[in-house]
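Sequence annotations record features per position, and here TrEMBL assigns transmembrane segment to 48-70, 76-98, 110-131, 143-163.
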Amino acid sequence: MSLPEPLRRRLGSFSRTVFTDSHRSGPQHPGHRADNEIVSSLPLQMSLYFNVYFFPFWWLSTVVMLHLKYPILSDYYKFILVTVMILASLIEVIRLYLGYMGNLQEKVPELAGFWLLSLLLQLPIILFLLFNEGLNIQPLERAVHIIFAVFLTFQVIAAFVTLKRMVNKLATRFRLNEFDQLEEHPVPGFYSLGKEEGAVSMAGRGPS
């Protein structure tokens, strides 16, 4: 299972626009090959691993608390909480899948999708559940929401750093491939043009 190709292209274009380091023009060390560089983030992968085990506990705790306080909630907040729980559950499954695939396989579009889902959807939802006192937040809910918010904040930062490294690696690989192709297939007339210009310059000086 992978992202649809149009969505992959859009996320790839977004990543190149946002995460490319314009100050970096090539490999930092002579002879360094971008193909041999591993840019997957171990801290990000560890947080995703623990997040996978934490999410069922968060979901069960939140559902139990919702069941206990459901009768005392207003109809407005009942609808909001049920909708938010459904959305958060669906987003989290997709988010963790994209995070695993994007980080382990060094796929920029998948990791960019993970970063966007974390920053724009999941983190605001958890902060809403954590700080909206109208939801009659219970101590257990507050505790698991805080842990979830810490996971998300760390993953947003780690994924941002990893994406910059991945995009710069791809940009470096592209420049190296272009340079290699230029060495293998030089532009016709390029060297002869340089020789002609040198000859004209020497002829213009004439005998002294």
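Backbone N, Cα and C atoms are what each Cβ position is placed from, and that goes for glycine too.
Between the transmembrane segment (143-163) and the stretches 48-70, 76-98, 110-131, it is 110-131 that has the most C-beta pairs under 8 angstroms. Long-range neighbours of the transmembrane segment (76-98) within the same chain, counting only residues 6 or more positions beyond its ends whose Cβ lies under 8 Å from a Cβ of the stretch, are 1, 3, 48, 51-52, 55, 59, 62-63, 66, 70, 110-111, 113-114, 117-118, 121-122, 125-126, 128-129, 134-136.
Residues 78, 81-82, 85, 89, 92, 96, 99-100, 103, 129, 136, 138, 140-141, 144-145, 147-148, 151, 155 of the same chain, all 6+ positions outside the transmembrane segment (48-70), place their C-beta atoms under 8 angstroms from a C-beta of that stretch.
Sequence-distant contacts of the transmembrane segment (110-131) (same chain, six or more residues past either end, CB-CB distance under 8 Å): 2-3, 7, 11-12, 14-15, 19, 62, 84, 87-88, 91-92, 94-95, 98-99, 101-103, 137, 141-142, 145-146, 148-149, 152-153, 155-156, 159-160, 162-163, 166.
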